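For reference, the structure is listed below as structure tokens.
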Amino acid sequence: MEPPKQRRKLADQIDVRELNPRSPIPPFTRAFISLQTNSNSTNNEEEEEEEEEFESAELRNWSSLTDPLLHSVLRRLDTLEDFFAFRGVCRGWRSLAAPSSASLSSQPPLVLLARCPSYTEAFYDIARRRLYSLRPPWRLFSRFSIGYSHGFVITTTQPPLPKLLLWNLFTDAKIRLPKAPEPFDRVILSSNPSSPGCLAVLFSRSGSTVQYCHVGDHLWRLSCRNSPRASVIDWSVVEDMIFFKGKLYALTSTEQLVEVELFPLPKLTLPRAETGVAVKRGFGERWLAECGGELLMVYWSVRMVFDVYHWDFGRGRWVETSSLGGKALFMGSRGFAASIEPMCSEVRENCIYYAGNWKDQWFVYSLVDRSLEVVPAVSCGLLGGRTSLPPVWVFPSLC
């Protein structure tokens, strides 16, 4: 079956044809049921007519498949090509396969990378090792992607006064945020930006200013040490922040976990803390993460070694752990990306997937045996070396 020519919304954004012409995508296949013909029949035309009539009847029966059966088929589609082809069969199937975490649950993570020589962005499928072109709804070089959260790619223009756009590449929903008056390098969202009350926070590691607003606001609120009307908060000690179970938490340079309140005025609250396990120190970075309902601190050293700690809310301390509860943790140079259940052999449990400042590779670190694997993105259309625009993890299953 040929890929459907009808490409709306999803296919307008992602071209499921592989970019490397030397290794084309195999054609979509369909199982045919062969007929047991009468051995006495010698009329080839009659046999062909019978086969055509049978195939026509089989195709007509596709529309009578029940929704539970179709959902079962949909959950087994683990490539974007198959997902798009499923949506292109008919209106009923397209409606049933509306982009959601359920319909895309079997889709593996993608890496948003820079492509040479056009310097455009493209998606790399880590399971199929394929590169998909991206057709973003903005002009080339006008903006770039810096993150992914709750199904939305977070994009921004260059400073000064960068313009932020949240774009759901599967539904084509676009949400604009106000121009940011201060520099930043990290963006976090409290919830799906399409839902009421979503809070966006901009900050920089060891920066002096935090900017925040609700989606739909026209201006950012600012909190900094020089602000006369705000409580005095030294944001430069904050290395990372994360929304966890409806609350905003920050990690200080001394590994202290603090709860952040932004309304009516910013305030930091230090939870009851005990002396816990000594946190490994050295030249590296510390990030906050969430996995399996646990609040984590991930320490990364330049030797490409990761140490993970979970916060014990009962005792108020960090406890080192070597398990992610069977999940995989995805990190980038800007911190936490997501934690997901393994759905393919390329995503392994209790492993950290780290895409740093490299254009054509990422790293897989096992917390079980402390091994490190370098995974190259094999494609003729990618730049190599380090980059000032790091790759971005994208998760269709978290749409």
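Along the chain as shown, residues are numbered 1 onward.
Cβ from N, Cα, C; glycine included.
Just so you know, TrEMBL annotations never went through curation; they're auto-generated.
Listed features, source TrEMBL:
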- 34-57: region 'Disordered' (REGION)
- 44-56: compositional bias 'Acidic residues' (COMPBIAS)
- 62-97: domain 'F-box' (DOMAIN)
- 123-365: domain 'KIB1-4 beta-propeller' (DOMAIN)
For the domain 'KIB1-4 beta-propeller' (123-365), mean pLDDT (0 to 100): 89
The domain 'F-box' (62-97), counted residue by residue under DSSP: helix, strand, coil: 23 helix, 0 strand, 13 coil
